[in-house]
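Novice: First the structure, then my questions, so here it is.
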Amino acid sequence: MQTQKARVFSGIQPTGNIHLGNYLGAVKNWVDRQDSYENIFCVVNSHAITIPQDPKTLKEKTYDLCAMLLACGIDPKKSTLFIQSQVQEHTSLAWLLTCITPMGDLSRMTQFKDKSQKNPKSIFAGLFNYPNLMSADILLYKAKFVPVGEDQKQHIELARDTAMRFNRDYGEIFVVPEPLIMQEGARIMGLDDPTKKMSKSSSDKPNHSIALIDEPDVILKKIKKATTDSEGIIAFDKERAGVFNLLTIYQCFCKQDKVSIEAEFSGKGYGILKERVAEAVIEGLRPIREMYSKLIMEQDYLHKILEEGTQNAQAIASATYKEAKEKMGLI
Ligand code: AQP
């Protein structure tokens with residue numbers, strides 16, 4: 001008997017160049033588990049405008065990111081890929097959910113606090129309401145699992161609360177989603193400051209992040225400059241964030257366990273560690289960069305994939321939105 005696969009949904013913002021944190025914390029897991037689930041992946045451009053964006057750049061970055069996701073290994077035969085703003089039910093359902101979400105819950109969100117601190121001159125209501133749009137993204141597809149980095153755990157907990165509240169007050173329609181967070185790579189830190197997560201919006205700092213499109217010499221240079229410490233011991237010690245971060249990145253690519261990695265580096269210096277991490281990252285990203293440079297030239301193919309993805313997503317989203325709207329008494 002064939003059992004139906006559980007559905008996963010996840011998204012990524014086209015706010016800048018996709019970096020190693022996005023890849024190891026989220027996208028690599030989407031790719032690696034495509035056979036285990038029914039997959040829906042989305043470039044969440046409506047989330048991107050919660051912080052002011054240049055319209056022309058946003059549009060370009062949106063298509064670039066779609067090409068990059070395919071280059072990373074998202075297979076259109078196994079996964080639906082689409083752009084959020086092309087399925088209007090995301091923003092429509094977000095409104096319904098906004099009307100049942102307490103202000104207090106939204107004000108506890110750490111991402112809102114962090115992002116408003118980073119952009120003190122542009123704290124708009126959209127940024128505050130961002131988690132409701134994210135809940136709508138997930139709940140529209142009745143996804144069971146949401147593969148994300150650790151930073152998104154709090155938003156998924158909110159989506160769970162919202163689903164349960166709606167189901168209790170208006171009738172059972174939403175699946176209560178669960179986060180899928182990897183043991184390794186769920187929180188890749190900035191190379192320049194390993195106490196802060198690697199982030200697209202800090203990419204103005206030259207040695208902060210590694211973009212998936214970075215050339216080998218750039219990757220080597222950035223890793224050589226990564227902040228470590230003066231202890232000189234290479235071990236998975238969370239207290240020593242710089243070395244821990246480099247070892248975690250290494251582990252994600254070489255797929256060995258922690259004990260054998262520590263043995264490999266026993267008695268060696270940070271110079272060797274950095275060289276080997278750089279080599280692993282360069283070789284791990286090489287096929288992605290090469291595939292991306294081909295795909296970005298094939299705009300017709302890209303648009304065809306996205307059109308099919310939109311149609312698949314739209315069919316599910318409109319059915320769920322209709323159910324939710326009717327339950328709330330909207331005509
Ligand atoms: N440093 C990270 N380590 C592991 N996973 C990460 N993710 C983000 N940063 C890291 C995961 O990547 C997915 C897509 O993230 P996003 O595009 O929605 O944006 P974000 O979480 O806000 O990530 P950024 O790159 O830091 O963007 P900005 O600078 O705009 O805030 C998510 O699953 C996320 O968990």
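Each position is counted from 1, following the chain as shown.
Each residue, glycine too, has its Cβ placed from N, Cα and C.
A TrEMBL annotation is a machine prediction, not a hand-curated record.
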Novice: I'm validating the feature mapping. Which of 102-106, 157-161, 197-201, 282-286 is tagged motif ''KMSKS' region' in TrEMBL?
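Specialist: Going through 102-106, 157-161, 197-201, 282-286 one by one, TrEMBL flags 197-201 as motif ''KMSKS' region'.
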Novice: From the ranges 14-22, 113-121, grab the one TrEMBL calls motif ''HIGH' region'.
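Specialist: Motif ''HIGH' region', as annotated by TrEMBL, spans 14-22.
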Novice: Among the binding-site residues listed here, ASP137, GLU150, which has the most company in the form of other Cβ atoms within 10 Å of its Cβ?
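Specialist: Answer by Cβ density within 10 Å: ASP137.
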Novice: Apart from its near flanks, which chain residues at least 6 from the ends of the motif ''HIGH' region' (14-22) lie with a Cβ under 8 angstroms of it?
Specialist: 43-45, 48, 51, 53, 58, 61-62, 64-65, 68, 149, 187-189, 197-201, 203, 209-213, 249, 281
Novice: Taking the residues the record says bind ATP (GLN13, PRO14, THR15, GLY21, ASN22, GLY149, GLU150, ASP151, ILE188, LYS197, MET198, SER199, LYS200, SER201), how far apart in Å are the two Cα atoms that sit farthest from each other?
Specialist: 19
Novice: Does anything in the same chain, at least 6 positions from THR15 (ATP binding site), have a Cβ under 8 Å from its Cβ, and if so what?
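Specialist: Those within reach of THR15 (ATP binding site), by Cβ under 8 Å and sequence separation of 6 or more, are ALA48, ILE51, GLN53, LYS61, LYS200, SER201.
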Novice: My understanding is the cutoff is Cβ-Cβ under 8 Å with a sequence separation of 6 or more in the same chain; which residues meet that for GLN13 (ATP binding site)?
Specialist: VAL43, VAL44, ASN45, HIS47, ALA48, LYS200
